[in-house]
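Q: Sharing the feature lines straight out of Swiss-Prot:
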type	residues	note
BINDING	18-25, 90-94, 144-147	GTP binding site
DOMAIN	9-293	domain 'tr-type G'
């Protein structure tokens, strides 16, 4: 069985988060090496990192899924006896995979935010920082790539203050920079750690005096650190006023208190790739990030009654409660369910309740994961992260709990997809497998959706960006052996009428020997307000028995059938109120079929006179952009026939709300990124259907007619 520490005080559940290419996965690889979890270092650029185990991750050098592992660490800078268990989740940095970050942060107690020492805070750094704010996750910061040309520690610290609105507490100063970066000054211990290159892979470093050229600066920053720590509580402030200084233990206690309260963020620095600075940062993880005991009790509610609040504490004596934060598919074990256990404990073979779905589930096996390797466990206890096997109907965001003491924990919310692509299988064999593959992939990723277009019959896959959908198609090919073609889906246009046509008559009469066909109808067709979601209304105003009741239904069915294909471009017609006012029937020749045909033809003859128009889907678009790009973003939205609704201030950004036709939004994600250097982000959702301008309408009609 895998090793596990029983005292929760010595457990840390952390995530590694950053903008893409800040060195997040490389930092994680060094952590695994120095903690003894890995015996060799896998490099991202070689496609060999432990945590990026998917083929697509190794080829592209990016993290796509959040991977979990557990390692152990004893401090090196002070108090070296205690051994800590660190459960780590390495999350993606690419904007297309923000859902992976979102669901990881939901179950973590703390995080390490990795920044590029040259760039400082980058766009996706801002995004993941806001996500961590949303879930109240305390963070320490690691300014990485201090060996990089142009690296500037002090600039990077300033960007954390200015762009994130955060309060940084500098815990270290770099010794040298770029090629001359050799180590760090510890501002608590007031000593230097230098990696001289004689020890392989930076596993050992020398503890020395602070270099002469840094002594004054180190003293200045030490005093700032002491003053910041003293702000943590009244006792520390009194000690500071009495003595003019604080002990090392008091400094750490004050910084820890501020960090857990999310009032400040300790700053460390190094170069993970050059094997410098990672061990002191690990000391910072155990010194300043919370244990499960430091986090408030998880709140939930009684299933079916949100007014009854329930607390669960991270102790084995409380009833079992866990949150499912990720699902993945294993070639041998099938569905792997990743959970954070908040209270109680379970063993393999136990039955639990999925309170979200009100279904019982049985736990087959319990693992702790090391990337894609499974380490068996004989139990799952409060405060830790595990993987369960054997659960059938569970999905991301579900609560698992004790059957006799049910609770439902707050789930997770994910953004709606912003881009969709049509896929079609290449062969009949692929067609049969494609449905299974897509349903499994959709189960793994909450932002990936699969739908079928009712008009075209196309299978549409939707997600957060083109890269995400490319990966999905690639995974279908590799993992499920499904070959498919990708295309662009057509916008789902509609038609409607703008003018009422009254007393439209139609007589259906056919005599071919034997019983004939006869039906006569008189109808009104009027525009119908569709804002309440109603697209069609039918009313019967026939009096005097001119049309038998049995024929009214077929008239309605005939009108509906005719509305499936509009007169302008063959799009479905919406927004029509049809009223049958009079008519005539024959005692022998009238039939349901005759009246259905009469209703259908009556609408077809009325529609051209009713001022038909084409409608297009209008999207509600929100763009968050740094102020310097606002003019360009607004100009671009106007060119896309957008209608700006409002402009407001967000945290360090401008928020633009607009309504834009869906047809103009294809490719927008790439254009927006290029116009704003990747610093803006947007979301969109369906708002309404609106009339297409005449010039655009003419182009659509020509395209539909193949002209």
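Using the three backbone atoms N, Cα and C, a Cβ is placed for every residue, glycine included.
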Q: I'd like the number of other C-beta atoms within 10 A of the C-beta of residue 18 (GTP binding site), please.
A: 30
Q: If H, G and I count as helix, E and B as strand, and all else as coil, what does DSSP give for residue 146 (GTP binding site)?
A: coil
Q: Which whole-number mean pLDDT does the model give the domain 'tr-type G' (9-293)?
A: 83
Q: Would you identify which of the binding-site residues 21, 146 has the most other C-beta atoms lying within 10 angstroms of its C-beta?
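A: Counting Cβ neighbours within 10 Å, the top one is 146.
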